[in-house]
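Input: a single structure, listed below in structure tokens.
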Amino acid sequence: MSSPDLLLPNEPSLSVDENVAIDWQPITLTLVEYPKGDFVGKLLAWISLAPLGIGAGFVALILFRRDLHTIVFFLGTLVNECLNILLKHWIQEPRPVARAQIWTEYGMPSSHSQFMCFFSTYVLLFIFIRLHHINNSNSARFERLVRLLVLAICWTAAFLVCFGRIYLLYHTLSQVLIGALVGTVMGALWFLLTHFVLTPYFPMVVLWRVSELFLLRDTTLIPNILWFEYTVTRHEARARSRKLVSMKSQ
């Protein structure tokens, strides 16, 4: 085993100066700059990472819940992102401030505003169209308040992300507005496609062999999936507990 001071026969050696001269490339997906000492800018920079948090949430839900609607929703965000990339390279409008380390030099339309408005529009339509009939439980008023709170959080986050992209000079006002418009239209179209075209096929898709292999499921007809899973889990736990007690008493 060679010591740190010894070099292997064909191992390239770089001096300190040569290492410094290397052009280091950061992963710019999460790199957000803000004016030093600007608390508002720092806060908006953190808020602008919301799309990454939502994307991570999608991945977690898909891995642990395997619901077809969630998978299709996530695919919609990918289609929306691909459309944004195509529009940027077609329009080729530069950003207001040139930065050396940035994902792409084009700024029209804003991908952040497009993503957030896509997500918020889809959630809005999901709540008012898909969940509008679920008001027959004793906790209907509480559930309505929760939905309104979810909508308020989504659209507040969308506004702050859009405002932050302008404040931090990543986009102009027109780039953000066009991004928000494209995202809103795409969110509405994708929801309509999912709700009226794709959802009726979900019961058939879950019967496919590949769906059984990956444990995919369709929860479309279950009004409150959280309450359903809670009651089923509680019932199963009690049944197993009674069975275990019965086995011990024999």
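Just so you know, glycine gets a Cβ as well, placed from its N, Cα and C.
According to TrEMBL, the features are:
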type	residues	note
DOMAIN	70-191	domain 'Phosphatidic acid phosphatase type 2/haloperoxidase'
TRANSMEM	43-64	transmembrane segment
TRANSMEM	71-91	transmembrane segment
TRANSMEM	111-133	transmembrane segment
TRANSMEM	145-170	transmembrane segment
TRANSMEM	176-198	transmembrane segment
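For the domain 'Phosphatidic acid phosphatase type 2/haloperoxidase' (70-191), the number of residues in each DSSP class (helix H, G, I; strand E, B; coil) is 89 helix, 2 strand, 31 coil.
For the transmembrane segment (176-198), the partner stretch with the most Cβ pairs below 8 Å, chosen from 43-64, 71-91, 145-170, is 71-91. Taken as a whole, the domain 'Phosphatidic acid phosphatase type 2/haloperoxidase' (70-191) shows an average pLDDT of 87 in this prediction.
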